[in-house]
Amino acid sequence: MSTEQTAAAPADGAAPANGAAGAPRRSVATRVIGRIGGGVAQALLALIALVWLVPTFGLLIASLRSNADNSAGGWWQVFTKPSQITFDSYAALLDKPDFVDSFWNTALITVPSTILVVVIASLAAYAFAWMEFPGRDWLFLLVVALLVVPVQVALLPVSTLYGKIKFGGFHMYGSITGVVLFHVAFGLPFAIFLLRNFFAAIPRDLLEAARMDGGSEWTIFRRVIFPLGGPAIASLGIFQFLWVWNDLLVAMVFADPGAQPMTKWLQSQMRQFTGNIDILAPGAFLSLIIPLVVFFAFQRYFVQGVLAGSVK
Amino acid sequence: MKKAPQDQVPPAATAGGAAAVGPARPGRRPRRERDGLNPPSWLAIGFLLPALLLLGFLVLYPIVYSVIRSFFDASGDHFAGLDNYTGVFQGHENLLAVRNTAIWVVVAPSVVTIIGLLFAVLTERIRWSTVFKMVVFMPMAISFLASGIIFRLVYEQDPDKGVANAALVAVHDMFGGGAGYPGAGPRSGADQPLRAQADGAVLTTGSFGPGQSALLPLLKIKPEYLPKKAVPAARPPAAAPGQVTGAVWFDFTKGGGGTPGAPNAGEVGLPGITVQALRGTKVVATATTKDDGTFVMKKVPAGSYTLRLPKDSFTASYGGAEWLGSTLITPAIIGAYLWVWAGFAMVLIAAGLAAIPRDALEAARVDGATEWQVFRRVTIPLLAPVLVVVLVTLTINVLKVFDLVFIIGGGDPNASVLALQMWTEAFGGGDNEGAGSAIAVLLFLLVMPAMLFNIRRLRQERK
């Protein structure tokens, strides 16, 4: 450490926030280069951000123009002809019973899948984290191994299995229940993995004390673990919600037209892409707006989930 | 249930409480001390049961079933040995899917990781990094179906509709892409100033030298190819010494009238046409016409030249790339995938960057390392574990990519990948459960290394 190092002023506000603790010292030359480089980085990142926003923005504008306008020219024409903006496509779409039904089906599939995964995985994760039983470590390794299994492996066998489950007027194959259970099963490995790691980090004192107070395992799970697991459960819930809401493949295989979610319905409208822009653009926008709201509202938990989980 | 710090534990319970001093590591508890408090095994099974049932019936059993099924033929009645597996590598469409999967696996994870690294490093230099990360991360929340529709719009062929080609054409024109007037040509017959050549170019019949002006009238121009910037044609400016001037214009007066071979009122100039002066076959000088169709060729050596309008001017103007054509479709879909997943890589890598001790970087800088050296020799090695996790995660994900290819590719076999081919064989009209199972098992085998990687990582963390 030379004296000129100490003489240099601490980095200005352009320095990364996490450098604040160490008060990094930089030579004047580095700072000048940093300033110029910073300017280039600013411009570059602004351009990149624009490139990232334009596609979604284009979809939004396309959904607000008539089919005739869309086939006559690109969405950017609204900058010169703002009068093209119309909500007609949305009105027409919301008048289609098929679409409205599929919207409800999406909710009917997504909400139970999310709740079931959270509950079932919490129970299992608690057992893995805080209960002793023979073969526990091996069983947990199995769950970790299942993290990466592609759904493709299960599509055919489960179709056959579901085909055999029918009683009364109920057919598992094609039903919302079948779709939900499939999503739950394939959501479980990640969910158990995420929650076990979180639960295992809960201070042992807390648990021991609860057990000594004579709390049953069920009470401890309900009163101690579940509330403390809040952030991890929130991450998991958001993940599962988005995963199921956005799914197309599982729905295409297991859902009847009567049980189909929005994604499958929209896919069925794609045979005529250009001609159906007035259905596809607003439909796609309606299907992505709820995930986006969830994303912006719970962004912190979403990012935490990404950081904790990766590997799926 | 109240929180009980160590010192408040009642004396009667210290037998169990003693163990609680140790680190909270459930995997390594000495068993004898737990006996009093630990719940019985059957209770643990009760907690696990719902999960085990679902995993058993809907994940484990299907894996076994698929493996067995993959050794039987389409009907399922006859043992087929390895035929289904060899079949994956036979036939044009299957081979395309195999090739594309290989391209995806090699290209997509590395490109996404590099871009994510670049973004993560760049965002360290700006104040609005939170906003930037949010923007880039946002597509992660959107379904592949919606992303697919979004990119079908982006990749529309017509540059007037698809934003990708609109941008390409704009950039192309900015760097001197000439205008095109397909079908345009000189008036036919002898004694005309211009004559069309077999190769598509147009030559003057006469010769021009410095100080002279040329009139180059063209006809047969379709109105849709007339650029909006074209203005009424003008007579060529007087040529200074060493210059050849001229005018290229649409020699057609609406409603008739006007003198053929001279720019009259009501006729428009043709901008953006290249004019070359030739000596033999060698181009001596070139110029491009202005909005009124006139051009000025400077520094023309003394002599006499034939003027040529090269064939580029008479082919359609640049229309952008054929994104969804057979060659570009897979790269185009990978582009859409990059749009979705770059945020994921960026966020993980940014978290890794934040965890690098700044002392290490500062020490390197004090030792006189340049920023690039610091990045290359300190940051990257310290970041390596995170980069590996990102790469592995993306590779698994890429192997399963289905929706994006299905939606953007729209069933084009040139875009297909194994995950999509599996669906096509088993559900999408192929009606061959044996072949479908074989592809599914193959995919499973391909993610196997990632599975082992995860298990190893977990075991290391536990130690």
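Each Cβ is built from the backbone N, Cα and C atoms, and glycine gets one as well.
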TODO: May I ask you to indicate which of A:1-22, A:67-88 is given in TrEMBL as region 'Disordered'?
DONE: A:1-22
Open item on the list: For the transmembrane segment (A:224-245), give me same-chain residues lying six or more residues beyond its boundaries with a C-beta closer than 8 angstroms to one of its C-beta atoms, as numbers and ranges.
Closed with: 106, 109-110, 113-114, 117-118, 121-122, 126, 130, 183, 187, 190-191, 194-195, 198-199, 202, 206-207, 210, 215, 261, 290-291, 294-295, 298, 301-302, 304-305, 308-309
TODO: Give the one range among A:138-158, A:170-195, A:279-298 whose Cβ atoms make the most pairs under 8 Å with those of the transmembrane segment (A:103-126).
DONE: A:170-195
Task: Spatial neighbours of the transmembrane segment (A:43-64) far in sequence, C-beta under 8 Å, 6+ residues away - done: 70, 74-76, 78, 84-87, 89-90, 277, 281-282, 284-285, 288
Open item on the list: Which residues of the chain, 6 or more past the ends of the transmembrane segment (A:279-298), have a CB below 8 A from one of its CBs?
Closed with: 56, 59-60, 62-63, 70, 89-90, 92-93, 96, 99, 103, 106, 234, 238, 241-242, 245-246, 262-263, 265-266, 269-270, 273
Task: Non-local residues, at least 6 beyond the ends, that sit with Cβ under 8 Å of the transmembrane segment (A:170-195) - done: 105, 108-109, 112-113, 116-118, 120-122, 124-125, 128, 143-144, 146-147, 149, 151, 154, 158-159, 162-163, 229, 232-233, 235-236, 239-240, 243-244, 247, 250-251, 254-256, 258-259, 261, 305, 308-309, 312
